[in-house]
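K.L.:
As listed in TrEMBL for this protein:
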TRANSMEM  B:28-47  transmembrane segment
TRANSMEM  B:59-77  transmembrane segment
TRANSMEM  B:108-125  transmembrane segment
TRANSMEM  B:131-152  transmembrane segment
TRANSMEM  B:178-199  transmembrane segment
TRANSMEM  B:229-252  transmembrane segment
TRANSMEM  B:264-297  transmembrane segment
TRANSMEM  B:309-329  transmembrane segment
Amino acid sequence: MATTDALEPATTRRGYPSYSRNVVQRLLLNREAAVIAALVVVYVYSLVSVDFFDGPLTTYNILKEYSPILLMALPMTLIIITGEIDLSVASTLGVSAAFCGVLVKEHGVDLTTAMVLTLVLGIVLGAVNGFLVAYVGLPSLAVTIGTLALYRGLAEGLIQTDRIAGFDPKWQDWPTERIGGTNVPQIVIPVAILAVVFFVLLHFTSFGRGVYEIGLSPEAAHFSGVNVARTKFLLFVMSGLIASLAGLYVMLRADSAATDTGIGFELKVIASVLLGGVSIFGGRGALHGVIAGVLLIAVLNSALLLSNQGSEVIQIIIGLLLVASVISSSFLSRFRELLPRRTASTNQVSGQKSRKAPQ
Amino acid sequence: MSTDLLVEPSRQSAGQRALTTFLRSRELSIAIVLVLIVIAATLKRHTFVFSHDGWRDTLLTPSILLLLAVGQMVVIVTRNVDLSVGSVLGITAYATGKIFIANPDTPVVLVFAAGLLIGAVLGAMNGFLVAFFRVPALVVTLGTMYAFRGYLTHQAGSKRIVAGDIPANFEKLGTQQLLTVPVLTLIGLAVLAVVGYYLHTARGGRELYAIGSDPDAAHLYGLNVGRRVFGAFVLSGALAGLAGVFSVARYATAFAGTGRDLELQAVAAVVIGGVAIFGGSGTVWGAAIGAFLLVTINRALPILGISDFWQGAVVGGLIIGAIVLDRVLSLRRAHQLIEARDVTEEEG
């Protein structure tokens with residue numbers, strides 16, 4: 001955690017020099033810690049006061065339902081930290097499920113081969129986004145709204161009216177089987193491995209440093225030797241690959257691929273990433289916060305469903321949490337300016353905010 | 001302000017200049033695509049335009065997206081975005097139905113006013129959060145999109161407003177025509193004309209462009225950025241509210257899912273219409289043509305022999321094509337300006 005705090009930008013709008021505060025404050029007074037604390041509070045509260053929340057199915061269902069969101073949130077975190085966005089993930093997920101289903105059911109391809117081909121498709125779809133954003137220089141918001149429609153359209157074109165169902169049970173059961181006697185489905189194994197991979201990639205490699213630098217200032221990153229275009233390109237490729245992996249999982253879990261598979265997931269993913277403390281302006285955020293953000297939404301959802309609240313309540317809560325999270329950071333930064341600092345001379349950075357990215 | 005001009009004032013007459021601007025405009029290219037699609041569809045099937053229903057649908061179907069696109073354009077030009085319009089539309093559509101259930105004799109004008117007002121209030125919430133807390137619009141409106149939709153689902157549940165709840169005179173308005181042009185489209189076009197005129201000529205409108213070009217510069221120049229951005233969100237909300245009333249008039253139904261996914265369509269229409277997603281450039285006319293194009297292409301594709309399952313793909317390709325085109329055009333313009341500067345430097 002100390003590493004991520006050290007990366008905290010000194011020049012963003014929420015900017016304050018990290019080391020003007022002591023180590024306890026640095027570890028506890030940040031967005032990630034706040035999200036994790038909220039997660040723990042909600043979880044403990046639900047265990048105590050929501051009936052059946054401590055039952056054996058809760059953990060299992062949470063992990064089963066939210067694995068795709070968690071998967072897609074990993075590369076999305078890195079993309080948003082560079083100041084870009086990928087709205088097309090849910091459509092990539094949908095078209096991957098459709099593509100794999102069509103290969104297996106209409107062309108008689110072996111399921112394992114079809115899954116490998118689908119992952120290749122994911123890479124290609126991500127590369128299209130990455131090429132347009134990184135090398136053509138188009139705004140990612142506009143590009144991925146386009147590919148959101150395009151990829152969803154491809155899924156619809158591939159499947160047409162059919163719903164493809166009935167896959168090889170060997171593969172179909174694997175992701176949702178429990179690990180040993182625990183309540184953890186096996187899909188968590190690849191999710192956990194990927195989470196560690198992305199955590200290391202973002203926080204402990206020069207590539208990850210480059211991701212933060214790009215988010216803070218693309219020009220400065222370029223001049224300090226970061227290959228901005230290649231980094232962004234690779235991130236979008238990763239996003240496509242992971243989204244198609246999530247698509248395969250969703251397809252196997254539901255034992256079907258339909259035109260609306262995964263529809264609307266993109267906003268859920270982005271909502272969890274932003275809730276996890278990643279700044280939409282780029283340059284700030286950490287992966288453990290994002291994972292806590294996804295789990296927070298998952299636990300809230302599960303607890304509310306168990307207390308007989310409809311799914312609309314969770315929507316309202318996600319919405320309010322999102323708004324509250326951005327407002328609180330705007331408030332916090334003003335509040336912190338009033339706090340005593342270690343060194344007075346480093347206080348001068350939080351004046352004019354730099355509005356580099358739109359929205 | 002400076003005598004050292006980058007480009008000489010044009011020697012062409014005002015008329016000539018207006019003509020060249022028109023011929024080179026980004027909107028014209030989109031309009032040509034739109035016209036070509038309509039012609040192609042009509043050649044294939046005459047009833048596409050040349051029948052009572054075909055003509056009416058050609059004009060009527062885009063009217064809802066037209067309103068959303070106009071509102072969205074005003075927000076996007078200030079370098080913000082409003083993702084909550086679909087939810088706002090849903091809420092006002094349902095509220096319209098509720099008003100009629102409570103009192104079937106409510107004057108139609110009052111219902112339109114109520115829709116505008118509800119939308120404006122919801123838009124004001126967005127605007128307040130974005131402008132006064134200085135937080136990113138994408139996050140705030142994503143949040144309010146969920147919150148408004150959740151509130152609507154909470155209120156509506158699985159209930160539906162059905163045609164029986166809507167008084168006949170209001171339902172008739174949905175298809176009523178004036179000189180063969182549907183009334184709803186006329187209202188939409190009137191809104192378009194007013195907003196377009198305001199953006200083009202009024203001080204407030206020009207300030208919106210200035211804010212979108214560079215918010216910091218606009219602030220330093222002394223513009224009240226917060227107030228203008230707030231105003232843009234109120235307008236976007238109000239127009240989404242009006243679109244909600246339209247939606248009830250047109251489809252005679254409203255339920256918890258009304259208007260879902262329309263927000264991305266509205267953004268897509270604006271982008272296709274040549275409005276820069278980073279703000280500061282583009283026209284509301286372009287956004288309107290973009291809305292017409294999006295809706296018309298959906299109607300035309302099955303006639304042109306492309307299965308409607310591929311419609312989404314075509315629309316997506318169109319959006320990508322539009323942004324690539326914008327990029328090429330802006331690069332060319334940048335080159336021209338650099339050349340003009342070099343020439344001036346050599347002369348000087």
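Every residue gets a Cβ built from N, Cα and C, even glycine.
TrEMBL annotations: computationally assigned, not manually curated.
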K.L.:
At a threshold of under 8 Å on Cβ distances, which of B:28-47, B:59-77, B:108-125, B:309-329 pairs most often with the transmembrane segment (B:229-252)?
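P.N.:
It is B:108-125, which has the most Cβ pairs under 8 Å.
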K.L.:
So, do the transmembrane segment (B:178-199) and the transmembrane segment (B:131-152) meet, by the test of 3 or more Cβ pairs under 8 Å (sequence gap 6 or more)?
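P.N.:
They are not in contact.
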K.L.:
Look at every Cβ pair spanning the transmembrane segment (B:264-297) and the transmembrane segment (B:108-125), keep those 6 or more apart in sequence, and say whether at least 3 of them are under 8 Å.
P.N.:
no
K.L.:
Are there residues at least six beyond either end of the transmembrane segment (B:309-329) with Cβ under 8 Å to its Cβ atoms? List them, or say none.
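P.N.:
26, 29-30, 268, 271-274, 276-277, 290, 293-294, 297-298, 301.
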